[in-house]
């Protein structure tokens, strides 16, 4: 019988529709059993015949019924383990007819060993580049094995605090590609994954925080979730120093500007040195329950800020109790933001102008001086040496410039300054590679701080003793002392003339000028100490006694004091170890270093006439030269002075190198 053509087409369509429906019903099962053979009684199909979408129970080790794990086949098919057989992980199941013995304990699946074995096989086959994701898994495993989660649970030592399956749900686990909707959905589930089973209290606190609301209500992927602060696999005890230090950086991954401004404070500088005892982000803002600064309940709201400061500044931890001025301290002040921090902006620009002005002038001065002296010596234009034998004063005589008290004061002052530079610049440039090494060698920031304050006390002591001595001297000689005479260190018009004459000589436009007892650069060195004591000493005292400062002045003064203390110290250190060293030790007429006049107190008569011609002439004319003549220091005194001078020069140049490394590193960073 011949079938009509239209009937044939209809039959074909019906058959196709039925086939499509059958395929749709079995597609999930086909996906999860793609590795199964029809004769494999331990294949995934066998397992899913009981475990897929069924609620079964069996007798457990305690004799009580326990529910079987239910697996959703379609979810399993989309996971990273979908191509694996169930028994590849559940290796205790070997009997398809009676896969679970009544009363037998279920053997825990060892995710760690499985992935490590797979990685070893991949390495043997030379396929590590093709299996980069597996390599990442193994790295995560290594981190997990050292983590708090891998440790035995306090209540049940046979179980770890958290296993892979607690977080990943190994039957369905998959990390969606970045930028996809699924990835967003997966990321937003992290707080619930951590909080649902284990950390419920933290989840409750987090849910009401600014981070939690952004994630759980607004679905903001940029807001922090648990793993942003604690990491995913390298989770450690939050009381460890390593976590406290790492946590600050974790916050900075999102709050980069705040991390940078925090690093400019003493709290942040100590943190960068590797010590965790100063205030960190969570000490002020909280941890899981962080609220917006404008929120009245926030720990850093104006209403609660003093209480927050008193967590540390409470008089019980070696810190005086915080006073109301602490409230207006800005831990994230930005010197580039005039609108919010005008005091910082103005101070920063002033210090920048001061640094630029001083270094441009004096480095230019030193460079030109070196060039002119070098050229004069090369061309044989050095000034003639005095013939001391014609003076009938003896060939072994020198001129006394400094008495023993001033030499001792200079030495102590120099040593204290160098110690201040070492201990202070290690904090100021705490992000330099050398700073943590120095700090560790000194015994840590607390001991370094003690050394710094002792050195500062010594330096200030020398300074004030000098002031007292000079005051007494001026009072006693008030009738005869000439304030602007040649023996006075007061700046006078002649100093400006001498400076102009020096520049004419530098450029070959005039003769080399002659000087009296004090040159203009020596006077600058002298008065620079007064400026430094006022700026560095004053700001240092404010920072050393914050409770007193904050009871008198507003808190923003700490921001200004920190800025000027560091910048002025940088100026002083670099000036001393470049300009001052050059003027007194490294210019061609002084070479080879060191000049030992500040250790012996005397200078050869020949050099005295060359360097202080006007004073020499004046002393000769008044017949007072012999009053200043003394025997040359002994050979041992001279040798000891040179050794001491070279040692101090070496220390100064090393400190200069460290400071410049820190400066360049900060500029490039």
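In case you wondered, yes, glycine gets a Cβ from its N, Cα and C as well.
Those TrEMBL annotations? Automatic predictions, nothing curated.
The feature transmembrane segment, as given by TrEMBL for the ranges 375-400, 479-504, 557-582, sits at 557-582.
Given the ranges 293-315, 316-338, 408-430, the record in TrEMBL names 408-430 as transmembrane segment. Per TrEMBL, the listed range annotated as transmembrane segment is 526-545 (candidates: 266-285, 506-525, 526-545).
Outside the transmembrane segment (643-664), and at least 6 residues removed from its termini, the chain residues within Cβ reach (under 8 Å) are 414, 418, 421-422, 425, 428-429, 431-435, 438, 570, 573-574, 576-578, 581, 585, 593-596, 599. Residues 264-266, 325, 329-330, 333, 335, 341, 343-344, 347-348, 351, 354-355, 358-359, 362-363, 365-366, 369-370, 417, 420-421, 424-425, 428, 525, 528, 532, 535-536, 539-540, 542-543, 546, 549-550, 649, 652-653, 655-656, 659-660, 663 of the same chain lie 6 or more positions beyond the ends of the transmembrane segment (557-582) yet place their CB under 8 Å from a CB of it. Long-range contacts of the transmembrane segment (526-545) within the same chain: residues 266, 320, 453, 456, 459-460, 463, 489, 491, 518, 553, 557-558, 560-562, 564-565, 568-569, 572, 575, each at least 6 residues beyond the stretch ends and with a Cβ under 8 Å from a Cβ of the stretch.
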